[in-house]
Amino acid sequence: MNFLLTGGVVFRDGTFQNMDVAISKGRIVSVSPSLSQEGFSVIECQDQVIVPGFVDVHVHLREPGFSYKETVASGTAAAAAGGYTAVCAMPNLDPVPDALDHLRPELDAVARDARVRVYPYGAITRGEKGAELAELRAMKPFVCGFSDDGKGVQSRERMRDAMLLAKELNKPITAHCEDESLLTPGWCVHNGDWAKRNGFPGNNSESEWRQVERDLELVRETGCRYHVCHVSTKESVALIRQAKAEGLPVSCETGPHYLILCDEDLMDDGRFKMSPPIRSAADRDALVEGLLDGTIDCIATDHAPHSAEEKSRGLRSLNGIVGLECAFPVLYTQLVEPGVVPFATLLNALCVNPRRLFRLPGGKIEAGEIADLTVLDLNWPHTIDSTTFFSQGRATPFDGWTVTAGVDKTICNGNLVYTASSHNVNKTPIPPCQEDYI
Ligand SMILES: [Zn+2]
């Protein structure tokens, strides 16, 4: 299919330019202020912004092993509806992708059902159990990096071994940082004033930042590319800022919920339960500061669906919320509209930096690039309604929030994969893009 996106404002090189974009055979073929419409199916983008498709470097698609929570089909449909053209899929699956034969079922499900590009992570350790290293070398051609997400790697020696090998393989280690020896059993919220007032066991900030601190020492020693998952504490932000100033190959992400909410917003509802927990106002403000000064590179949702029953036990529910289908509208409305974060900074965190860090194709709206694009409508007041989600998960703290912007269309591999007007996701499988990737 050939498409011409006309009348829109294109985000390129950090600026906004009035341009038409022509797409043919999965590629951008021309970008110019005015293009001939002959031979193209025209998509009117008046008053809309065309950006490189979003990339979420931290999602849980739950297949194989937990298809009652989510599948590759439902999770990538949610991604398409949220404006994402690529997601990096975490390995806490069954089987855990810790060897090629354990990665195969996930690759098969992706080849069959992915509505956007999926780049799996391989596990760092066998079964994500922290004892023995997984088969990193064998998995390398098929994965975007290595992670034991859901758990921290407790052994310093094992993490050092993993970093040395990842460095040799030129892949990043993407770390869920959590020192279990510093955790309170049964924690369900941040260990702050709200926890004390309301009588809930708290999770210490130290459990996160102590492990970030340890890993940064190992990066200094090994030179491994290292990405910190879902940074939630002000201390972690300060450590990562310092490491970047030293020139270490370090990057990180945080989630929309950590940038927008704090523990004073908590309700005893599964929609507010995730790991790490939503922390104090001071932590939230430090995260926003980190996004503004470039310490925080990416916004990733940590989309982690569970069944309704699993999320029915208030703040004692399983950890994880969904994020793909409301991230952009909520971030734009809460951070860009009030002038807290420049729009270009938000877009860089959603679509430019993730590709640069994980060496994924796309990210530029130029002739010759792959046609992975998102069309945004910034004048679209509506309400987040989780009952309309393509995800099987429904738990988000932003359910019912009023937003002023949204994703109008998502184009992946030159195909129109999502259209808001019909709320439809195209079921054609989308291949991962191997170019520049292995
Ligand atoms: Zn995690």
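Quick reminder: no glycine exception, Cβ is built from N, Cα and C everywhere.
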Further Zn(2+) 2 ligand in TrEMBL, beside ASP149, HIS176, within candidate set HIS230, HIS257, HIS303: HIS230
Among ASP302, ASP372, ASP377, ASP385 - the residue TrEMBL places in the same Zn(2+) 1 site as HIS58, HIS60, ASP149: ASP302
Cβ under 6 Å from ligand 1: qualifying binding-site residues of HIS58, HIS60, LEU61, ASN92, ASP149, HIS306: ASP149
Within the predicted model, mean pLDDT of the domain 'Dihydroorotase catalytic' (48-236): 97
Other CB atoms, at most 10 A from the CB of HIS58 (Zn(2+) 1 binding site): 27
LEU61, ARG62, ASN92, HIS176, HIS306 screened against ASP149 (Zn(2+) 1 binding site), Cα within 10 Å - retained binding-site residues: ASN92, HIS176
Which of ASP149, ASP302, all binding-site residues, has a Cβ with the fewest other Cβ atoms inside 10 Å: ASP149
From HIS58, HIS230, ASP302, the binding-site residues whose CA lies within 10 Å of that of ASN92 (substrate binding site): none
Distant-in-sequence Cβ neighbours of ARG62 (substrate binding site), under 8 Å, six or more positions away: LYS69, GLU70, THR71, GLY75, LEU93, PRO305
